[in-house]
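Each remark here refers to the structure printed beneath this line.
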Amino acid sequence: MKTFHGPTCGTAVSLCLLLFLTSALEEGEITSKVKFPPSSSPSFPRLVMVGTLPDLQEITLCYWFKVNRLKGTLHMFSYATAKKDNELLTLIDEQGDFLFNVHGAPQLKVQCPNKIHIGKWHHVCHTWSSWEGEATIAVDGFHCKGNATGIAVGRTLSQGGLVVLGQDQDSVGGKFDATQSLEGELSELNLWNTVLNHEQIKYLSKCAHPSERHIYGNIIQWDKTQFKAYDGVVLSPNEICA
């Protein structure tokens, strides 16, 4: 398999080449993955989405991930606005538990039946609905203990913010912390403006061939949405579950 190294940009570079995730794909490849090397100031490997999110009152956020360590907190997805740096945040702590923060409300922390193994691909889906504040996390197709209601009831995730993968934003696009970063890989990240049902989430967690995939994010679609890469992020072809 030929590895494609995606464009990277140092922190001093003001304009970065657009990173198209589809550019890593070759005929016969299943998908593309993004590798995040270790962070150490002033280098904070990350992907930054081009554009912003719309107002959202329901979401499903799913992705495949592989971690190289379980030390500190591993921040996967960060959406920050001028008013709230934790408008939407997903992470894993040192115990391998999953945390989910919506609209700056108290974090949902859950224990999942499938433990996280270093160097192994896992699939996770986060859902939230404003109507009753129901928030859930499912790992490898199984819902976790501790899913809750009453999370950010009646709230709206606001448009105009910035999506960053692999780092935690303590201000829009900045104030990163090397102990709050992802050291590992991400693939097949999709975001919907609705709550997917259990059957759909179970389906997404399976190792399906591209011809069998029919569920793609309508807000973020892994093979369509444009990102900018910074500080040594590497893009390459990937076969999920290989």
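Cβ coordinates are placed from backbone N, Cα and C, and glycine is handled just like the others.
Annotation source Swiss-Prot lists signal peptide at 1-24, citing experimental evidence.
The domain 'Pentraxin (PTX)' annotation in Swiss-Prot covers 30-241.
The annotation phosphocholine binding site is assigned in Swiss-Prot to Thr60, Tyr63 on the grounds of sequence analysis. According to DSSP, Thr60 (phosphocholine binding site) sits within a strand segment.
Feature annotation from Swiss-Prot assigns disulfide bond to Cys62-Cys125 (among others). For Cys62 (disulfide bond), the Cβ neighbour count at a 10 Å cut-off comes to 24, with all displayed protein chains included.
Under the heading Ca(2+) 1 binding site, Swiss-Prot lists Asp85, Asn86, Gln169, Asp170, citing similarity to another entry as support. Gln169 (Ca(2+) 1 binding site) falls within neither a helix nor a strand when secondary structure is assigned with DSSP, and so counts as coil. Residues near Gln169 (Ca(2+) 1 binding site) in space but far in sequence (CB under 8 A, at least 6 apart, same chain), listed by position: Ser78, Ala80, Asp85, Leu162, Lys175, Phe176.
Look at Swiss-Prot and you will find Cys112-Cys144 (among others) tagged as disulfide bond. Classification of Cys112 (disulfide bond) by DSSP places it in coil, neither helical nor stranded.
The feature N-linked glycosylation site is assigned by Swiss-Prot to Asn147, with experimental evidence given as support. Within the same chain, the residues at least 6 positions away from Asn147 (N-linked glycosylation site) whose Cβ sits under 8 Å from its Cβ are Leu108, Val110, Glu134, Ala135, Thr136, Ile137, listed in sequence order.
If you look up Swiss-Prot, you'll see Asp170, Gln180 marked as Ca(2+) 2 binding site, on the strength of similarity to another entry. In the three-state DSSP scheme, Gln180 (Ca(2+) 2 binding site) is classed as strand.
Secondary structure at Cys207 (disulfide bond), as computed by DSSP, is coil. Per Swiss-Prot, disulfide bond is recorded for Cys207-Cys241 (among others).
Summary for the disulfide-bonded residues Cys112, Cys207: the Cβ-based neighbour count within 10 Å is maximal at Cys112. For Cys207 (disulfide bond), the nearest of the binding-site residues Thr60, Asp170, Gln180 in terms of C-alpha separation is Thr60.
Asn147 (N-linked glycosylation site) falls outside any helix or strand according to DSSP and counts as coil.
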